[in-house]
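According to Swiss-Prot, the Zn(2+) 2 binding site annotation covers 80, 215, 219, 225, on the basis of similarity to another entry. The Zn(2+) 1 binding site feature in Swiss-Prot is assigned to 166, 179, 192; the stated evidence is similarity to another entry. According to Swiss-Prot, the feature Ca(2+) binding site maps to 171, 172, 174, 176. What Swiss-Prot records for 50-79 is compositional bias 'Low complexity'. Residues annotated as disulfide bond in Swiss-Prot: 294-480. According to Swiss-Prot, the region 'Disordered' annotation covers 41-93. Here Swiss-Prot flags 291-339 as repeat 'Hemopexin 1'. Annotation source Swiss-Prot lists repeat 'Hemopexin 2' at 340-382. Annotated repeat 'Hemopexin 3' per Swiss-Prot: 384-432, in sequence order. Taken from Swiss-Prot, the feature repeat 'Hemopexin 4' covers 433-480. Sequence annotations record features per position, and here Swiss-Prot assigns motif 'Cysteine switch' to 78-85 based on similarity to another entry.
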C-alpha cells in the first residue's frame, strides 16, 4: 500500500495519535500527484458530494493535474471552499441577491461542538470566537446556539489538513480556508477549517478566525455565496473589522428563520408583606375543580410534541397514544407559566414554538419557556379577533390557519403575518360547520374540527368532512359512556 493511502487507512487511525496524523498528511504536491479520478471514485462509493444535494446543477470539480503546485496565495485569493452556486441558481435568486442552499434547520435551538483546535490559539480564545461568530446570526433570528463537549452536536467544528475524509481536501496555507455543509445533506452541520492557515483573531496579519467562522456558519444555516457588496457571505476573504452582517446577509437568514423574538417584558413584582406589618391581603383561593371532560366544550386543542392537549377553563388534558396521562387534568400554568385563562386557540409551529391566543393578544413559548407576550394580534396582520381556532395543516406543518366565525386566514410564522387582513370564507372547508371552537391535525394528516361537544373529521385527500360525522368528543377521546339520548 502506498504511504499516502496507508495514512488515510483505518490502521493508521488506530495506531497513530490524531495530531501525528495531521503532521504526516501528504503535502499539496503529493495530493496533486494522486490519480486524477481517485477522489471521484471515492465519491461514487459514498454517493454524491454533500453540496450536490442542494445544488443539482453544480459543475463537477476539475480533475487534479500533474503540474507542480505554486503557493496557493499566488494562484488565487483566499476564499471559502464551498462551491459557488451555478449560473441557473444565481439567476433565479438575482432579484433578492442572497442565495439559499435549498435546506434549513427545522428547529431553532442548535448545539455545537469543537473537536480539534488550531495550534496558534489557546482553546478558550477559540471557544469565545466561535460563540461570537454564532452570535452574529442569533442576534438577527430566533436561533440559539449551545456548546456541548461530547456526543454528536448539530454543528461539528474541526481543524484538519489536506485530505480529511470528505472529498474536499485543503491545500495548505492560503487558497481554501474552510468549508461547511448545508442543512438537509448527509454531513449537515459539519464545519472544517484548514489547520495550516495562520489563524488570528482581529488581526489582518493572518486569517481572522472570527470572520471565516461566521461565514461558514452562514452555510451551516442554509445560505450560499452571494455577490452582494460587503456581504459576509461573499466567497472571497477580505479582512474587515469589526465583524457585522450586511443587509443582504440579514435578509437571507431571516428569509429562512424569521426575525428574532422580541424581548419578553416582565413586570416587577410587588413586594410581599413584611414581618410585623398588618395587611388586608386575602389568601389566594384554591383553583376550582376541573370541568368534566365528558360534558365539556373545549376552548382549544393542539398537538404539541406529538401529544394531544385539550384546554378548558385554565386546565389541560394530556393524551398520549389515545390515553389520558396520569396527573391530568392539571392547571395549564403548570407547563406554561404566565399563560392566561382561558385560551381561545393554540398551535405548535414547525420550529417547536407554541402559540396561545386570548382576546386581542397572543403569547409564544419555546417548550415551557416564555419568549414573547403578551403581544397584540395586530402585529400578525389581524384586524378582527378573537381567534376561535388555529389549525396546523400539512405534513411539514407549513400551513397554519386561523378561524373566527365564518372566516379564516392563512398565517406564516416565519414572517409573523397573515396572507391578507381580508379573510376567506370557511365554506372552503366542505362539510365543516362555522363557528368552530378548536381544531387540530393528527399524525395521519386528518384534521379535526370541534364545536361544542361534537367534532368533525376532515379528509385531506377528498378535502371534505368524512361521512358519519359529527361524533361526540367525550366517548371517542376520553372513553366516556355514550349518552342514552342520541338527539344532541
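The backbone N, Cα and C atoms fix where each Cβ goes, glycine too.
The two recorded residues residue 192 (Zn(2+) 1 binding site) and residue 80 (Zn(2+) 2 binding site) have their Cα atoms spaced 10 Å from each other. Remote same-chain residues near the repeat 'Hemopexin 2' (340-382) are listed as 106-109, 142, 257, 261-262, 264, 299-305, 309, 311-314, 332-333, 388-392, 396-398, 400, 402, 409, 411, 413, 416-418, 420-421, 438, 440 (criterion: CB distance under 8 Å, separation of at least six residues from the stretch ends). As a summary of secondary structure, the repeat 'Hemopexin 1' (291-339) carries 3 helix, 21 strand, 25 coil according to DSSP. Using a 10 Å radius centred on the Cβ of residue 192 (Zn(2+) 1 binding site) and all shown protein chains, the other Cβ atoms total 24. Residue 166 (Zn(2+) 1 binding site) carries neither a helix nor a strand DSSP state and counts as coil. Geometry remark: residue 294 (disulfide bond) versus residue 219 (Zn(2+) 2 binding site), CA distance 52 Å. Other residues of the same chain near the Zn(2+) 2 site, with their Cβ within 8 Å of the Cβ centroid of 80, 215, 219, 225, are 82, 179, 180, 216, 218, 223, 224, 233, 234, 235. Within 8 A of the CB centroid of the Zn(2+) 1 site residues 166, 179, 192, the other residues of that chain are 81, 160, 164, 168, 170, 178, 180, 181, 187, 190, 191.
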